[in-house]
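Okay, so here's the structure we're looking at.
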Amino acid sequence: MASNNQEPPGILLNDGDTGVRVLSPSPGVKRRSLRNRRSDAMHDLPPSMRVRFILGEDADKPGQNEPRPIFSEMEEFKSEDGTDGEWKEVARWIKFEEDVEDGGNRWTKPFVGTLSLHALFEFRSALLNGTLMLEAEATTVEEVVKVIVDKVCSTHQLTAEQKSQMMEVMSCPHRHLYEVQKSAPLLMSEKNRNSSAKNLTESRSKVGLALPSVPSMTNAANAAKGNSPFMKKIPPGAEVNNVLVGEVDFLEKPVSAFVRLSKATILGDFAEVRLPSRFVFLLLGPKGQLEDYREVGRVVATLMSDEVFNAVAYRAKNRDHLLAGIDEFMDAVTILPPGEWDPSIRIDPPTSVPSQEPRKNPDKPPEEKEDPALEELKILESQGLVRTGRIFGGLIDDVKRKLPFYKSDFTDAFAVQSIASITFLYFASLSPIITFGGLLGDATENRLAALESLCAGCICGIIYSLFAGQPLALLNATGPVLVFEGILYSFCSKNGYDYLSLRAWVGVWMGVFMITLCAFEISAWVAFITRFTEENFALLIATIYVYKAIEKIIYIGIEYPLFPPEPKLNATDCYCYPSNDTLSYAQGALGEMGPYNWTGLPTNSCAEMWNGTLMGEDCFPKQWYPNVFLMSVLLSVFTYSVCVTLKGMKHTLYFPYKIRCLISDFAVFIAICSMTGLDYYAGVRTPKLHVPSDFKPTWSGRGWIVNPIHPDNPWWIIPGAMLPAALATILLFLDQQITAVIVNRKENKLKKGCGYHLDLFVLAILTALMGLMGLPWHVAGTVICINHVNSLKQESETAAPGEKPVFLGVREQRVTHLVIFLLVGLSVFMTPILKYIPMPVLYGVFLYMGTAPLSEMHFFDRLRIVFMPAKYQPDFNYLRKVPLKRVHMYTAIQLACFAILWVVKTNETISISFPLMLVIMIFIRKSLDFVFTREELHVLDAVIPPFRRSKKPPQVESGTKSVVNGKGQSYSALPKNSSKVNISDEVARSGAWLHVNNSKAALQDGTEMISYRRKDYGDAKVSDDESEPLTFLSGTKRIQIQPGTKHNQ
């Protein structure tokens, strides 16, 4: 291109984005000259750059041929001897290809279309030499047919006789697969249909008219209505691309036409859906090459399904633009070796398709990868885990972050999925609360029992769901809390202190400590809890769920053995204990105080004679019930199997997608109801869910409000309660925040932000309140929270056939949490219904809850691949970037930490120190920085922030020089692709292309010239540029395409 001082005045020479010189109109310069010079400059660019200019030329003009989704339908012309032909649907595209099976009555599965390079060249040659109309004016079927046939005739490709025959072929009816399926019972026999068509043809010939053949009444009605069910799969605003191919006996050489209508219009029965058509591609040729024509048609439809070529086809103004689009497509394709794959294999659609923006903007360099520490810092800032330095600064930021979404937290819950989540998590929460209450009653002599646990769950759940920062985290009672309560009650019993009063002060101090932690933003330390720690904790809790479920089932076998117990021959463990007022009489009458051995005597005689009480295992032999253990095992296994099977129904091929989703969402509820019905029908006395029926404190010596000042407790109990409160605060803080980290994972794609400080503040209020009311403390439960999040995950509704559902995020709302624990509180009044639910069914649900989170744990995946040969291992990202031995080393360290946590958690003596072990896990993870590289830890886990953060953010080192353009955008000086290959030049020089066009010449100056002459288009040109040669420079060769003449055909 010329230098600056050689350019006409007023012409812009440099594009700030790409450095490519672009010519623009200016006063005193002829527009035609500028267009020619711009065309010459464009020809020197690679196709990707030309496509960029084509797409950006009218981007600022809305309504100028804006690209739309395309539905492509390919039809073949079928004709039998002595009858009129018809256009029969053989394939369709939305995003992926679907073909009509050879049987002709069903569609294939959607698949990725593989194209023949020769067919691609054939289509390129058809665009270069065939008929092309980019702004055809037609609004009806007749006008479209006439415009296409007239344009083909103007290029001298058809004689007058062939024109009428072409009109007749184009006017033949179109038959679609759905019409054949609907009207099959109503159609005439093949013989009668052919006879009627023949008579119609003869009658039209007699009157000298070539009218379109009339379809049957059934087909006409179907054409007017279209394939309505299939319309749901097509994106809104889509237009139709009609691909018509076929073989006829009146042509000696192929005839092609590519037409873009100026305005989309509905073309009768051209397409199976009632959508406006915008593109029509016609390819007819002599008989014997139908397979080749079909492959060219597949190329056209596949190209129109391509995002980039689709945009080029809408924006194209001449042939050069379409050719550039094809060349850019060939520049981006991947070649499959012919000897290493079978072309008949249908490639399944991918789970996700990469963005096509790099193809649209090839000059834009890829975004430089941020430093992992800087990237992690940005994530922490978005989650509110960077300290503000202000008192309650984090809490204030959490409130500001969550307040705009408060209304939507209720409106977003209106979905069937929320109902399914409530039914699942209600039973999943109710049974652990009752079980925990029973264990707590044993540990505290019913000071705290099942009813108190239900009330605590209801109050805490309702308040937390309304005011917490992350309502997806469900509260529950945990094992360490049970151990702590047992130790505290034992201490009070030994020293004669009132347990509930001391516990009230412990709860108050815990609330004070948590508010203090919230004020000084200690929740920001959650940033040190990475996947290493959280997955160890989550896997531990999940394992405990599985272990406890199996343990409970085995315990049923002990309580209800398979075979009746044998009677004891020497039973002696039965004694009668007289009451206090009969002791003196018994001593005088029998000379002894008792108790008396009552083995073998009537059980009621102890009370009648001595007003006593029988105690001992042999006094009341347990009644044996048959098949209880066997039925319990079956119920548990069946419940687990139904949950797993129905939950995975969403990803099967059975039933429509919405029905699959409905079954999947209600999987647990269906399992509970069906297994409860089975148990009721079987009539076996399996253990049932026991819910307290009376709403009153379990222990008669207490009320609903605890007196914190008890006469049995000295004054120093109040400050002394700070010590156990500090330990319990650490316990609840770590349980709560680790679970919150798991819920707030970036993989869950939460959009409403986190609220670690707000969660802790609300939990502090609840902890103090539960202490004063004498109710158990609740904290976020890991497994139940994971299942809550999984039950609310949202996926895109698959529209295009073959398109995979895309995970969109989680339905973030407060209603499910609120309703679940409201129902927990009302369970006292639902005892007549809940008493029919067998406990083995709930154990099966626990088993499912313990195994469901495993599929999403990297730790569990890495444990599985230890036992897999390398060639069978899944294609995980970390296996690509980290050596396998290093992966196994990291897994071994994590497994050792898991074993330590398991020993501490399951040992009642030291289980109270479990929270401290979690803190130790954080330091162990930090020490791995000296064992693994930063890149390895970034892939396997996450970059843990330094314990002391510098005031300056980490700087990203870059080895490339940045250039700032006129728009303020910073681009790298190094281009994205430094390749010098111009695909257009290489295509024009390839043997396949030369075989298709078959022409060669030489320049007079000695430079080799490869010249192709286009066919004559007549007087009507697509644009003024059609009269100019298309020239591509490549080294010492110049490829030139000359415009057609009237004598060149």
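Every residue gets a Cβ built from N, Cα and C, even glycine.
According to TrEMBL, the compositional bias 'Basic and acidic residues' annotation covers 357-371.
Here TrEMBL flags 70-343 as domain 'Band 3 cytoplasmic'.
The annotation region 'Disordered' is assigned in TrEMBL to 1-41 (among others).
Taken from TrEMBL, the feature region 'Disordered' applies to 341-371 (among others).
The region 'Disordered' annotation in TrEMBL covers 950-977 (among others).
For 1017-1049 (among others), the entry in TrEMBL reads region 'Disordered'.
Marked as transmembrane segment by TrEMBL: 419-441 (among others).
Marked as transmembrane segment by TrEMBL: 448-467 (among others).
Listed as Cβ neighbours of the transmembrane segment (504-528) (distance under 8 Å, sequence separation of 6 or more from its ends, same chain) are residues 380, 385-388, 391-395, 488, 706, 708, 717-718, 721-722, 724-726, 728-729, 732-733, 737, 740-741, 756-757, 760-761, 763-765, 767-772, 774, 777, 922, 925-926, 944-945, 947. According to TrEMBL, the feature transmembrane segment maps to 504-528 (among others).
Look at TrEMBL and you will find 624-649 (among others) tagged as transmembrane segment. Cβ atoms under 8 Å from those of the transmembrane segment (624-649) belong to residues 549, 553, 556-557, 560-562, 564-565, 655, 660, 663-664, 666-668, 670-672, 674-675, 678-679, 682, 684-687, 838-841, 843-845, 847-848, 851-852 of the same chain, restricted to positions at least 6 beyond its ends.
Under the heading transmembrane segment, TrEMBL lists 661-682 (among others).
Under the heading transmembrane segment, TrEMBL lists 715-734 (among others).
What TrEMBL records for 755-773 (among others) is transmembrane segment.
Look at TrEMBL and you will find 815-834 (among others) tagged as transmembrane segment.
Here TrEMBL flags 887-904 (among others) as transmembrane segment. Cβ atoms under 8 Å from those of the transmembrane segment (887-904) belong to residues 532, 535-537, 539-540, 543, 859, 862-863, 865-866, 878-879, 910-911, 913-914, 917-918, 921, 924, 928, 931-932, 936, 940-941 of the same chain, restricted to positions at least 6 beyond its ends.
According to TrEMBL, the feature transmembrane segment maps to 910-928 (among others). Beyond the ends of the transmembrane segment (910-928), by six or more residues, the same chain brings 479-480, 483-484, 487, 528-530, 532-533, 536-537, 727, 730-731, 733-735, 738, 890, 893, 897, 900-901, 904, 937, 941, 944, 947 to within a C-beta distance below 8 angstroms of the stretch.
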I need to check the long-range neighbours of the transmembrane segment (448-467): which residues 6 or more away from its ends have a CB within less than 8 Å of a CB in the stretch?
429, 433-434, 436-438, 440-441, 474-477, 485, 690-692, 694-699, 758, 762-763, 765-766, 769-770, 773-778, 814, 817-818, 820-822, 824-828
PLDDT averaged over every residue in the domain 'Band 3 cytoplasmic' (70-343):
80
Leading stretch by Cβ pairs under 8 Å, where the reference is the transmembrane segment (815-834) and the options are 419-441, 661-682, 715-734, 755-773:
419-441
So if I exclude everything within five residues of the ends of the transmembrane segment (661-682), which remaining residues of that chain have a CB under 8 angstroms from its CBs? That is, six or more out.
416-417, 420-421, 423-424, 427-428, 631, 635, 638-639, 642-643, 645-650, 655, 791, 836-838, 841-842, 844-845, 848
Who are the long-range neighbours of the transmembrane segment (755-773) in its own chain, taking Cβ under 8 Å and residues 6 or more past its ends?
383-385, 392, 394-395, 397-399, 401-402, 455-456, 459-460, 463-464, 467-470, 473, 503-508, 510-515, 517-518, 521, 523-524, 526, 704-706, 708, 732-733, 736-737, 740, 779-780
Tertiary contacts of the transmembrane segment (419-441) (same chain, 6+ residues out, Cβ under 8 Å):
447-454, 457, 474, 476-477, 482, 485, 662, 665-669, 672, 689-691, 698, 776, 781, 784, 787-788, 791-792, 816, 819-821, 823-824, 827, 834, 837, 839, 842, 845-846, 849
